[in-house]
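So that you can see what the record holds, here are the features copied from TrEMBL:
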DOMAIN    52-283  domain 'Orn/DAP/Arg decarboxylase 2 N-terminal'
MOD_RES   K74  N6-(pyridoxal phosphate)lysine
ACT_SITE  C352  active site, proton donor
Amino acid sequence: MTERTRTRAQARRERTLDQVRRAETAALVRSDIAHAAIALHGTPVLLLDPERVRRQYRRLEAALPFVAFHYAVKALSHPAVIDALAEEGCGFDVATGEELTLVSGVPRDRIIHTHPIKKPSEIRAAIADGIRTFVVDNETELEKFAGAPEDVRLLVRLAYRSPNAKSDLSSKFGLGPFEAERLVIRALERGIRVCGFSFHVGSQLDDPGRFVTAIERTLRLLDRLEAILPVRLDTLDIGGGFPVAYDAAVTDLETLADRIRSVLEPRADRLRILAEPGRILAAEAMTLVTSVVGVAERPDGRWYYLDDGVYGSYSNVIAEDVHPLVFALRDLDACPPADAAHRWATLAGPTCDSADVIAREVLLPDLRVGDLLASPAMGAYTSVTATRFNGREATPIAIVGTGVRTGEVRTASSLQTVP
Ligand SMILES: Cc1ncc(COP(=O)(O)O)c(C=O)c1O
């Protein structure tokens with residue numbers, strides 16, 4: 001394929017994504033329940049549909065039926081998401097004692113603790129709470145498990161660098177194969193039980209080959225260590241990283257799963273295979289609705305100032321360098337939005353910091369103060385990483401999923417009736 005045809009094909013896929021996201025956003029924001037949520041909370045408001053989380057979980061399960069999924073609570077720790085996944089039978093991956101309290105109703109054998117560095121007191125509390133699977137990647141951490149109950153099982157975290165991922169999760173944690181071998185030997189010497197390996201190929205990584213390589217290398221290491229050491233390594237945790245289409249199409253879940261299945265399925269009868277997806281389950285379940293609070297003409301064109309920004313729900317723009325789509329609500333049927341009244345604009349957040357810029361060169365109709373905008377796929381790593389900078393309140397989350405009647409808009413902690 002020439003560069004030119006590739007670029008055209010890519011542009012076509014992106015146009016399709018734009019159309020799909022506009023249609024989904026239109027259906028949501030025009031629903032009675034979304035109107036009720038916006039009427040109740042004003043803007044900004046995050047509209048959360050837990051049904052979409054369920055749907056994504058079912059897709060994952062169907063695509064990789066031999067994998068035990070543990071939702072990475074850090075992506076979006078809202079109780080409605082946790083309840084929906086717990087009902088579906090999903091497990092949970094927690095990184096802190098605080099996250100563990102969020103899944104208090106879930107059977108403990110469905111929870112894994114995957115932070116490679118933990119306070120000793122946190123380990124003690126988690127063990128007392130019934131958690132039995134933990135992750136280590138160094139000798140100091142391993143020593144914290146000396147004398148732990150016999151059924152505590154440790155996974156050694158491996159590093160597979162992914163410069164193309166939005167977040168390379170092997171730059172801070174993880175071991176190479178030789179260091180991992182030394183750690184397993186050390187655990188054997190200390191009588192601490194290591195049951196296998198975990199890794200994370202990097203978050204928002206659109207590269208099926210990286211998953212395949214990481215799995216193959218880990219299986220080779222596992223086979224080698226079982227051959228030379230008196231150890232049974234029966235668990236492989238393939239982490240998270242499954243990508244989401246923000247402003248560009250990505251490999252779809254089923255295609256990625258096919259590649260993973262080809263290397264993993266033959267081993268599924270002897271191995272307990274885990275995964276810790278976060279983004280793929282949560283991202284598409286939440287839509288942000290904001291409004292314009294200011295308009296200015298600057299030397300580089302029109303600027304719109306919104307009532308949420310990168311210090312709030314758009315924290316993913318800064319922390320992860322993802323680029324959520326932003327649509328004007330009255331423009332949702334226009335695709336492509338090309339009439340003469342449209343112009344390229346910069347979108348900024350409400351704080352006084354110059355870094356609070358959400359997006360540049362967004363094609364928008366003429367907007368006025370009070371006009372509404374929406375960003376789809378705002379469920380993962382948004383509200384959880386938002387700050388209170390400039391004294392701003394956290395953006396409320398309203399549940400708008402199937403089963404919620406127009407008169408009821410559930411917030412995080414209460415059920416309120418819209419007059
Ligand atoms: C240890 C661990 N597991 C799982 C996840 C979830 O990854 P993702 O949201 O890319 O699926 C993360 C993300 O930071 C992580 O650090």
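Heads up, the Cβ atoms here are built off N, Cα and C, so glycines get one too.
Nobody curates TrEMBL annotations by hand; they come from automatic prediction.
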Can you tell me how far the Cα of K74 (N6-(pyridoxal phosphate)lysine) sits from the Cα of C352 (active site, proton donor), in Å? 28
For the residue listed as 'active site, proton donor', the nonlocal same-chain Cβ neighbours (under 8 Å, six or more residues apart) come out as N390
What is the Cβ neighbour count of K74 (N6-(pyridoxal phosphate)lysine) at a 10 Å cut-off, with all protein chains included? 21
On the 0 to 100 pLDDT scale, where does the domain 'Orn/DAP/Arg decarboxylase 2 N-terminal' (52-283) sit on average? 95
According to DSSP, which of helix, strand or coil covers K74 (N6-(pyridoxal phosphate)lysine)? helix
